[in-house]
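What TrEMBL records for C2 is active site, nucleophile. Residues or ranges marked as active site, for Fru-6P isomerization activity by TrEMBL: K606. Summarising the annotation, TrEMBL assigns domain 'Glutamine amidotransferase type-2' to 2-219. Annotation comment: TrEMBL describes 287-427, 460-601 as domain 'SIS'.
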Amino acid sequence: MCGIVGAIAERNVSAILLEGLKRLEYRGYDSAGMAVYSPQQQLQRVRRLGKVAELEAALKAQPLPGTLGIAHTRWATHGAPSEANAHPHFSNQEIAVVHNGIIENHQSLRGTLQAEGYTFTSQTDTETIVHLLHHLQKSQPDLLEALRIAVGQLHGAYGLALISSKEPERILAARSGSPLVVGLGIGENFLASDPLALRQVTDRFIYLEEGDIAVIERQRVQIWDAHNNPVERPVVLYNEPAESSEKGSYRHFMLKEIDEQPQAVQRTLADRLAADHVLPEAFGAEASALFKQVKNIQIVACGTSYHAGMVARYWIESLTNTPCQVEVASEFRYRHVAVQPGTLFVSISQSGETADTLAALRHSKDNNYLGSLAICNVGTSSLVRESDLVLLTRAGPEIGVASTKAFTTQLVGLLLLTLALGRAQNSLDTEQESSIIAALRNLPKILNDTLALSTSIEQLAQCFAEKHHALFLGRGEQYPVALEGALKLKEISYIHAEAYPAGELKHGPLALVDSEMPVIAVAPNNDLLEKLKSNLQEVSARGGQLFVFADSSVPFIEDTQTRVIKVPSIHPTLAPILYTVVLQLLSYHVAVLKGTDVDQPRNLAKSVTVE
Ligand code: G6P
């Protein structure tokens, strides 16, 4: 949610900042801006409404040379997307700030600062920070000390970076609830909200921790913790190849990431399977002992990750007989939860920085949970650092805002969890266990075969491009797959889509069915297939148009109202993974036909680090 880049060097930094913003654009993209300390010893800035490309064009016309600078790409929270609300924000042409997060007490701060004579030029919460710093410097001229006082007065979440024309040899940064990372160069140093932004200039990073304040100079980086003690944070080598976050020959990141799923799943499985069981160490050294004590599971997540949790609930309850609840984090964090003894708290997140999911994890620590497990794609994230056990999904960087490979690898991780848990508790049927393990090993190949359906799904997509609504149906663990299919279509094609458990159709949504309402069903070969077929008859009988993704071994009859797309046969337990992929392809091709911004759909952001 919003992206921050900062740089201090001997060379001109504006190209570095711009490249960083381009790499961060997936986090927010309604406006962008840059401030640089110019050779004329002044802060200069350029801001533009719209994408980073708009800023780039403006910088061509009005270059910002300088060796110290900060930049930002925004996802609006306070104040509409506009040039005036774009960061960096200035106070008296002297201090510039970029900020991710939300300052909750901005209104009272604004009132106080206005009474002190400050004029606000934006509707943002961020502008209060920069005027507050300027005001504090009247009694505390050292910017670092002023920042220390200021953070004590800020309520809410922030990752922020600032520069001052009075102290042009450093960038100051503070983190509380919104990630920041320092990039280390030789004779130059950098700052960003995500290491991806700086991969073109370094592979050495220091992750700031909650409450840290950092001073970044050309030759050194100093960090103080939340208690103002100087600290050394470890330097982490980022070994993800830079090209994994580049589009290559693909038109969109989303298609690239859909296509990467066989390899991503392979990586998620690598070194985690013995011949016939899952290695519990995959979840951490203490996992084995902890899993034996689990009597109940509480899963918490947001968005697509929440759908992964919903699938997992079917797996965990049916295969291990362990009760399991799933809840969206924004609800869970604010309600009183009756915690059953022996409950394992499981969070699922691609980024590991989603504010609600993190808050839910922190909230769980005040309750009597057995422990916490994070299923996450980012090893350095807050969620991972704050959880007792971790399973990394190893999907690689996911740039498209609509999650694809992160979801399928989460499902694989959750199936590994189900199997490890079932074995630890002796509740798993061993034959079932080895058949699922064998099917998991074969999954990358079947995923590859499934991706070959892309061309026929592209043709099918034409039936949707003019539609305004769509209904997705599934039963059992395919119901969350239907939910995820509907979410994908909404997110990137802006078609209103809903998902229902097929058996629920007759209790309301059937009233919506007519020839204008495409109905998409996922029909693997499982125990509920015949029930699903009856539900689909209810659609046909009302003149509805059916699009059925069905197991190729099942004779599904096509007619004028029913299109059938044959999907490779798969072990029924793994079917949610495969049927998700065909629905991803459907949404992708519909969105391309509609000409939407596939990778950066309107109003959304990849990583939601605000409430
Ligand atoms: C945002 C993204 C979704 C994602 C959700 C949860 O809404 O656009 O794609 O599923 O956040 O993100 P997380 O990183 O916690 O999985």
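Backbone N, Cα and C define each Cβ position, glycine as well.
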DSSP-assigned states of the domain 'SIS' (460-601) in counts, ordered helix, strand, coil: 64 helix, 32 strand, 46 coil
Which listed residue (C2, K606) has most other Cβ within 10 Å, given these are active-site residues: C2
Per-residue pLDDT averaged over the domain 'Glutamine amidotransferase type-2' (2-219), given as an integer: 95
Composition by DSSP (helix, strand, coil) of residues within the domain 'SIS' (287-427): 64 helix, 28 strand, 49 coil
Residue pair K606 (active site, for Fru-6P isomerization activity), the residue listed as 'active site, nucleophile' - Cα distance, angstrom, rounded: 9
